[in-house]
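K.L.:
Sharing a structure, written as C-alpha cells. Questions coming.
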C-alpha cells in the first residue's frame, strides 16, 4: 500500500488484518486463536488486557477476519448503561449473524474496565448477564484488569498482552516508511520506538515527523519527548522504596489520581512496606497530609493540595530508615470496596421496596420499613420464597438479599429458577385463556356435530298461548276474531267469542251496565261530582318559580 491519495490516519491504515500480522505477543495470539477454535467447550468470553497500543483491539478485529465472523463493537464513544447493553450487546450475543447463515458473531466491548461512573451505572452487571446467556463469542478489552469486579473477571478467560519490544516496534516503522515512500534514518526510527511505550504512539509520532517532508531524520524526532503517564503501582514503589523523593513527587504529576485518592493508596499499602518506628513516622507524615486535605475541603483553597502531596509522598519516603526486601503486591483502598458493597446493598434494598410498594399500593419508604422484615421471615420457607419471587419478579441479587445469602449460592439459584418457571406457567395460562376468549359455547366449530343449546334434562318451555297461535302474513301472532251481536235493548253491539286462553268472559268478570244497586225497581242513585280543589291565588305564592325549583327535591 502506498501513500498516493489515501488520507487515512496511519494507525488505521496499517492496522493488522490477520492475527499473523500482530507483533510482539505471539503467546497471547495463540491463546486467543485456540479459544476461538474451541468455542462452545469453555468460557463464552475472553478478557484481553494490557497497556494501550499493544494490539488488543487489533487482535479482536483480526480474529473476526480470520474466523469469518461478523462482529459488533461497543467502544468509548458508545453509551454503556444497563439499558444500552441489554438493547445492543444482549441480542447480538444471543442471536445469529446478520445474514442468517448460521455463523458466529463476535461481540467486542472496548474499555470494559471503565464501567464505574454514574453514566455507566448498572453496565457491569448487565455485561455479566450477557456473558451468562450468550450463545456467541464475547471479547472484553481492558487496560487494567483488576479495575474490573471479581465476578466479571471470573466469568471470562484472561489473556494478557505485554508491552512490545522497541526492536519489534522499529521493524514495523521501517515497513511503514517503505510503503509510504519515505527516507527514514534507522537511528530516528529506533529513537521513536524507545521513547514510546506502544506501537500506536510510535506510528503517530512517525506520521507527525514525516508531515510535509519525504524523510525522517534524528533532528525531526528530537524536538520533544512524549509524556508517558505513570501507573499507580509504579508510583507506589517509588514512594516506599525509591531513593530520590523528588523523582517520586514528580511521578505523581503524571498520575490520573487526585490527592484524595492517592492518600488512600498510601494508607492501604504503608503497613505492608514499613515496620515499627518507620511505620509510626510514615503514619505521622500521612496524618499531616490529611490535615491539609481537610483544610482544602473546608476553605475550598486547592492550593493546599501541594502541601498535602508533599507530605504524603516525600514525608512517607523520608520516614524509612532501613531497607526492606521482598516483593509487595499493592492493592487499592479496601474502603472503596466496602463503600461499593454498601451502595450495592442499598440499591438492591430499594429495588425490592419499589416492587413491594407497587404490589401493596404503598410508598417505598413504608415498604422498606414495614414489609421487608416480613418478607425476610416468609423467605425462610422455600414455598413462600418461590411464590413471592415469582409474584414480585425478583432477580437473583434481590433473592440473595432477602435470604441473607450469597448470590452464587445453590439455594438462591434454585429459588430463582423455580420462580421463573412459575412465571412462564402463568404466562402460558394467560395465553390459553386469551385464545379461548370470544368463542360462543353453543356454536360448534367447523366439522363438529351440532348440539342442542339446552342442558340435558331441560325442555324448551313456550307460553301456552303460542301453541295455538297462528302467524299472519307478516310473521306476527294473529289474534282470534270475536263475534259481534246486537244488544237486547237495541244498544251498542257486544263483542262475543273466544277469549284469550286463561281469560274469564268479560260479562262474568264485570257487573252488567244496567244492574241496579238500590231497591228493586228503583233507579240507581246518582252520585254528585266532587268539587275540584281551588288553586291558591298567585299573590299568595311567596316563592318564585326559580326558588321552588331549588328546594323541590
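Cβ coordinates are placed from backbone N, Cα and C, and glycine is handled just like the others.
Heads up, here are the entries from Swiss-Prot:
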BINDING   50, 51, 52, 53, 54, 55, 56, 57  ATP binding site
REGION    438-553  region 'Disordered'
COMPBIAS  442-451  compositional bias 'Basic and acidic residues'
COMPBIAS  503-513  compositional bias 'Low complexity'
COMPBIAS  532-553  compositional bias 'Basic and acidic residues'
K.L.:
Judged by the number of other CB atoms within 10 angstroms, which among 53, 55 is the least packed of the binding-site residues?
P.N.:
53
K.L.:
At a 10 Å cut-off from the C-beta of residue 50 (ATP binding site), count the other C-beta atoms across all protein chains.
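P.N.:
Other Cβ atoms within 10 Å of residue 50 (ATP binding site): 22.
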K.L.:
Determine which residues of the same chain, besides 50, 51, 52, 53, 54, 55, 56, 57, have their CB within 8 A of the center of the CB atoms at the recorded ATP site, and list them by sequence.
P.N.:
143, 161, 198, 200
K.L.:
Under a three-state reading of DSSP, tell me whether residue 56 (ATP binding site) is helix, strand or coil.
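P.N.:
DSSP assigns residue 56 (ATP binding site) to helix.
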K.L.:
Within its own chain, what residues at least 6 apart in sequence put their Cβ under 8 Å from the Cβ of residue 54 (ATP binding site), listed in sequence order?
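P.N.:
Same-chain residues close to residue 54 (ATP binding site) (Cβ under 8 Å, separated by 6 or more) are 24, 25, 161, 162, 163, 164, 198, 199.
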